[in-house]
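Asks: So TrEMBL has the following annotated:
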{"type": "ACT_SITE", "residues": "Glu64", "note": "active site, proton donor"}
{"type": "ACT_SITE", "residues": "Asp196", "note": "active site"}
{"type": "DISULFID", "residues": "Cys274-Cys307", "note": "disulfide bond"}
{"type": "ACT_SITE", "residues": "Glu321", "note": "active site, proton donor"}
{"type": "ACT_SITE", "residues": "Glu347", "note": "active site"}
{"type": "BINDING", "residues": "Thr433", "note": "Ca(2+) binding site"}
Amino acid sequence: MGQSELRPVTGGCHNSMFNGLPLTAADSIDTLLIMGLNDEYYRALDHFKANLKWDKQMDVSVFETTIRFVGGFLTAYQMTGENFFLESVTDLVNRLLPAFNTGSGLPRSTVNLVTGACSEPAWMISSAVLAEVGTLQLEFATLSHHTRNPVYLQKVSDIYNVLRNHLPADYLFPPFLNYADGSTKPSTITIGGLGDSYYEYLLKFWLLNEKKDKDIGDWYYKSAQSIIDNLALYGIPSQPYIEVENPDRKDYMYFLSERDGAGRIINRQDHLACFAGGMLGLGSLYIEDENTKQNHLRVAEGLARFCWEMYNKTATGLSPEAVPVNFNGEEIQIVTTNNVEWIMRPEAVETWFILWRITKKQKYRDWGWYIFEAMNKHSRTDLGYSGLRNVNNVPPEKDNVQQSFFMAETMKYLFLLFTPDDVLPLDKFVFNTEAHPLLKFQADAFFEV
Ligand code: DMJ
């Protein structure tokens, strides 16, 4: 319970990121509540109360700590009213605050929970990463809301102020930013890893505060339109998907290409970018102009279709991390893959869940069920579920790690795909990027345990 992640094949613990902190228990705490697993919830709560202390000599990622621990505890607090969660998470976030002392206000990547000393991994080349600094806003704003302490909200609003000063003309940020002033260097523009949840949080931050901050809403819609105009590529699947209810429906899809530093198109897509179907679908609900609304929803559905293809095309029925795409301007074909591991990611099923809620098209449930069965067949062990080293091998070799986001996100979104719409209704909650639902500020908590 007090360890980071499960080793589902051999037993024991995988402690790569948060050595000695109960990552999986914290990240799945609201999944337990949503699924009605109240005994397990109380076991986790008792464990936290007896053992969880944040004064550990440990360097932690500000981003990962926020989306997983802070997000999980804030949701648990909203669902149960249990004061422990709010007190604990306030202590934790206070320990992250030294990371923001950079002059510009863009936080450093890593902070020591006791000393406040900051650093970043070598691969970040002493820069801030767009998705890291742009994915703290929901959690920090919610903490300010509950503690009535504006300091957390101020920190993340300052980040938006820095980014706003450097907004590219096409609203598509390169992923690396200078800590000192937020200026950018030309590099690959992607909606996958390093970029992804920055775009997601523009929309959700606006929604969290009941659409009161018009600037942020405009910022999101201009960014989303630019993604559609500049990165989304439209084509016909090499093999059509026949819907049972609508066998004549014309099948199409979109994928999100990348742009290198010289502006050249790269025809590939990360699984991480599959979240964008849900984002565009959710965003489409609030667009007044009917043509624009339909356009955003159409791209969202095309992306969902592409992500289904990423699963459908492999021997195990589970998606690789990223796919190169053969695209002749008409037909989109996923041929072979380089990044063949499956690490239990949630983004495709997240998109199918949101689009199911919006469109009620049965195919989204069918796709979710298909991958649930594939997981049970190829990834399940006596102890849990495991990532796979190569999705094209049957039987696949297991990597012996159960990622904490598997319980926090993948299983939660699969579950919600099959619940009635009034379980976590989309008009009352926004999901943080780790699938922890946060109440919009005007909404009322309603869970009981
Ligand atoms: C999760 O931690 C979050 O969804 C994050 O936004 C991206 N990476 C993983 C899941 O793939």
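Including glycine, each Cβ sits where the backbone N, Cα and C put it.
TrEMBL does not curate its annotations; it predicts them automatically.
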Asks: Which recorded positions from the set Glu64, Cys274, Thr433 come near ligand 1, judged by a Cβ under 6 Å from any of its atoms?
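Replies: By the Cβ criterion, which requires under 6 Å to ligand 1, the hits are Thr433.
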Asks: Just to be sure I understand: of Glu64, Cys274, Cys307, Glu321, which recorded positions have a C-alpha no more than 10 angstroms from the C-alpha of Glu347 (active site)?
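Replies: Matched recorded positions: Cys274, Cys307, sequence order.
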Asks: Using the structure shown, find which entry in Asp196, Glu321, Glu347 (the active-site residues) has the sparsest Cβ neighbourhood within 10 Å.
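Replies: Glu321, out of the active-site residues Asp196, Glu321, Glu347, has the fewest neighbouring Cβ atoms within 10 Å.
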Asks: Have a look at the recorded positions Asp196, Cys274, Cys307, Thr433 and say which one has the shortest Cα distance to Glu64 (active site, proton donor).
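Replies: The answer is Thr433.
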Asks: Over all shown protein chains, what is the count of other CB atoms within 10 A of the CB belonging to Cys274 (disulfide bond)?
Replies: 30
Asks: Taking only the Cα atoms, work out how far Glu321 (active site, proton donor) lies from Cys274 (disulfide bond), in Å, as a whole number.
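Replies: Counting only the Cα atoms, the answer is 11 Å.
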